[in-house]
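The following features are taken from TrEMBL:
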ACT_SITE  His131  active site, proton donor/acceptor
ACT_SITE  Lys135  active site, proton donor
BINDING   Gly8, Ala9, Arg10, Gly11, Lys12, Met13, Asp34, Gly74, Thr75, Thr76, Ala101, Ala102, Asn103, Phe104  NAD(+) binding site
BINDING   His132, Gly141, Thr142  (S)-2,3,4,5-tetrahydrodipicolinate binding site
DOMAIN    107-243  domain 'Dihydrodipicolinate reductase C-terminal'
REGION    152-173  region 'Disordered'
Amino acid sequence: MTKVAVFGARGKMGAEVCRAVEGAEDLELVAAVDAGEDLRAAEGADVAVDFTHPDAVMDNLAWCVAHGVHAVVGTTGFDDARLERLRALLAERPEVGVLVAANFSIGAVLMMRFAEQAAAFYESVEIVELHHPGKADAPSGTATTTARRVAAARAAADLPAPPDATMQELPGARGADVDGIRVHGVRLRGLVAHQEVLLGSEGETLTLRHDSLDRVSFMPGVLAAVRAVGDRPGLTVGIEPVLGLG
Ligand SMILES: NC(=O)C1=CN([C@@H]2O[C@H](COP(=O)(O)OP(=O)(O)OC[C@H]3O[C@@H](n4cnc5c(N)ncnc54)[C@H](OP(=O)(O)O)[C@@H]3O)[C@@H](O)[C@H]2O)C=CC1
Ligand SMILES: O=C(O)C1=N[C@H](C(=O)O)C[C@H](O)C1
């Protein structure tokens, strides 16, 4: 049995993860910790799963690494600087594994890969992410990750910036600029987590869309990561390696 602690256990994702762990025969939920509660409840855990808040996650991970607890992290807000800090923490405890993923749903992982593959073939690309109105961060971690991967693929293909004649705009009208890719955010009651990648060239467009209609969509990826992280010392970014996607 792998002993699992959940941080953010009373949140939307944390509660779903607690249910998924309790329903898995090879996993045991040993701690369910929420804001203001003592992380020491997780001391006996093999793996901690963090779905908290971008402001809280780094302290939680510092605690995990210091206590030799592997971690699976869904909380967003990981830029290069944060990943570097995490690598530095892990260098002190090289036996510990931490897996950070912007999105644990299989469809979203595939969407990001397909967008990266298509990027070199289209002059234009923009991303629209659509989420529930309780989301704290914008753009979403998934949209930011997608934009960075698309931008890298375009750069590798020597593509110039997407065409855009805008000379005059209200602030925000053209979305956020992530590595030169425009990302637009929608917050709407009734939504869970959705994204469209719009690609266009002369005479055609390609739209890649993914919808998480229920938070159960993230659970197969989270459980696969929980089962794998103990055998992956150091930092793993994304769930592709765990899914055998290379
Ligand atoms: N990678 C992925 O596949 C996914 C990632 N996410 C990300 O996961 C994060 C959480 O999302 P969601 O569940 O919707 O958010 P919620 O606000 O519903 O849940 C977050 C929970 O964490 C609690 N919390 C805050 N600080 C701490 C702390 N220091 N220790 C323990 N618990 C804490 C919050 O308590 P309180 O409300 O009292 O502050 C709340 O109960 C977000 O960053 C989101 O973007 C979401 C879905 C999928
Ligand atoms: O806050 C959410 O809900 C989600 N957050 C992640 C993100 O920011 O990409 C993953 C998914 O989009 C749901």
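Positions of Cβ are set from backbone N, Cα and C atoms, glycine also.
Features per TrEMBL, on structure.
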residue	record	contacts (Cβ under 8 Å, 6+ apart)
Gly8	NAD(+) binding site	Gly14, Val33, Asp34, Ala35, Asp50, Phe51, Thr52, His53, Thr75
Lys12	NAD(+) binding site	Gly134, Arg215
Ala101	NAD(+) binding site	Val72, Val73, Gly74, Gly221, Ala225, Val237, Gly238, Ile239
Asn103	NAD(+) binding site	Val109, Met112, Gly141, Thr142, Thr145, Ala193, Phe218, Gly221
His131	active site, proton donor/acceptor	Ser140, Gly185, Val186, Arg187, Leu188, Leu191, Val192, Ala193, His194
His132	(S)-2,3,4,5-tetrahydrodipicolinate binding site	Arg187, Leu188, Arg189, Gly190, Leu191, Val192, Ala193
Lys135	active site, proton donor	Arg187
Which recorded positions from the set Asp34, Asn103, His131, His132 have a C-beta atom lying less than 6 Å away from ligand 1?
Asp34, Asn103
If the criterion is a C-beta within less than 6 angstroms of any ligand 2 atom, which of the recorded positions Gly8, Lys12, Asn103, Lys135 pass it? List them in sequence order.
Asn103, Lys135
Among Arg10, Asp34, Gly141, Thr142, which are binding-site residues, the residue with the most C-beta atoms within 10 angstroms of its C-beta:
Thr142
Per DSSP, Asn103 (NAD(+) binding site) is which: helix, strand or coil?
coil
Counts of helix, strand and coil residues, the region 'Disordered' (152-173), according to DSSP:
5 helix, 0 strand, 17 coil
Env. residues of (S)-2,3,4,5-tetrahydrodipicolinate site, Cβ within 8 Å of mean position of His132, Gly141, Thr142 Cβ:
Thr76, Ala102, Asn103, Glu129, His131, Lys135, Asp137, Ser140, Ala143, Ala193, Gln195
Which state, by DSSP, holds Thr142 ((S)-2,3,4,5-tetrahydrodipicolinate binding site): helix, strand or coil?
helix
Provide the three-state secondary structure of Lys12 (NAD(+) binding site) computed with DSSP.
helix
Other C-beta atoms that fall within 10 angstroms of the C-beta of Thr75 (NAD(+) binding site):
26
Pairwise C-alpha maximum, in angstrom, for the residues (Gly8, Ala9, Arg10, Gly11, Lys12, Met13, Asp34, Gly74, Thr75, Thr76, Ala101, Ala102, Asn103, Phe104) that bind NAD(+) according to the record:
21
